[in-house]
Amino acid sequence: MSIIGNIIWIIFGGLIMAIGWFLAGILCCITIIGIPLGLQAFKMAQLVFWPFGKTVDYSQMGTGSVILNILWILIFGWGLAAASAILGIIYCITLIGIPFGLQWFKFAKLALFPFGAQITDI
């Protein structure tokens with residue numbers, strides 16, 4: 001099921017979103033101060049490209065990750081998480097869109113707290 005879901009996801013916009021996140025990561029990594037942000041964008045690109053069969057794990061979050069996540073929320077995270085959650089709600093309205101809506105909720109969680117998160121296989 002996860003392979004079929006991922007293929008459908010890629011065809012209907014996942015590839016474009018992953019490329020966008022990847023390019024954002026490259027732009028952030030051009031400057032030294034933007035490298036931590038770029039690494040989080042690469043993490044999001046990885047999840048956006050192949051979301052089914054993956055989960056976000058926060059078991060190894062340290063104090064530094066918490067501080068960086070607070071700064072991230074204040075600058076970027078709230079807008080990205082809100083947009084992902086709204087798309088998740090829209091997709092979950094239809095029966096066929098529920099699996100894709102659940103992926104958007106997963107993105108919202110990662111968009112809110114990217115530092116210290118690990119993407120793992122289910």
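Even glycines carry a Cβ here, placed using N, Cα and C.
For the domain 'Inner membrane component' (4-54), the DSSP-based tally of helix, strand and coil residues reads 41 helix, 1 strand, 9 coil. Feature annotation from TrEMBL assigns domain 'Inner membrane component' to 4-54 (among others).
Within its own chain, the transmembrane segment (7-38) is flanked in space by residues 44-46, 48-52, 68, 76, 100, 103, 115, which lie at least six positions past its ends and keep a Cβ under 8 Å from the stretch. The transmembrane segment annotation in TrEMBL covers 7-38 (among others).
Residues or ranges marked as transmembrane segment in TrEMBL: 58-78 (among others).
According to TrEMBL, the domain 'Inner membrane component' annotation covers 67-116 (among others).
Among the features that TrEMBL reports, transmembrane segment is placed at 85-105 (among others).
DSSP labels the residues of the domain 'Inner membrane component' (67-116) in these numbers: 42 helix, 0 strand, 8 coil. Under 8 Å from some Cβ of the transmembrane segment (58-78) lie the Cβ atoms of residues 36-37, 40, 111-118, all in the same chain and six or more residues away from its ends.
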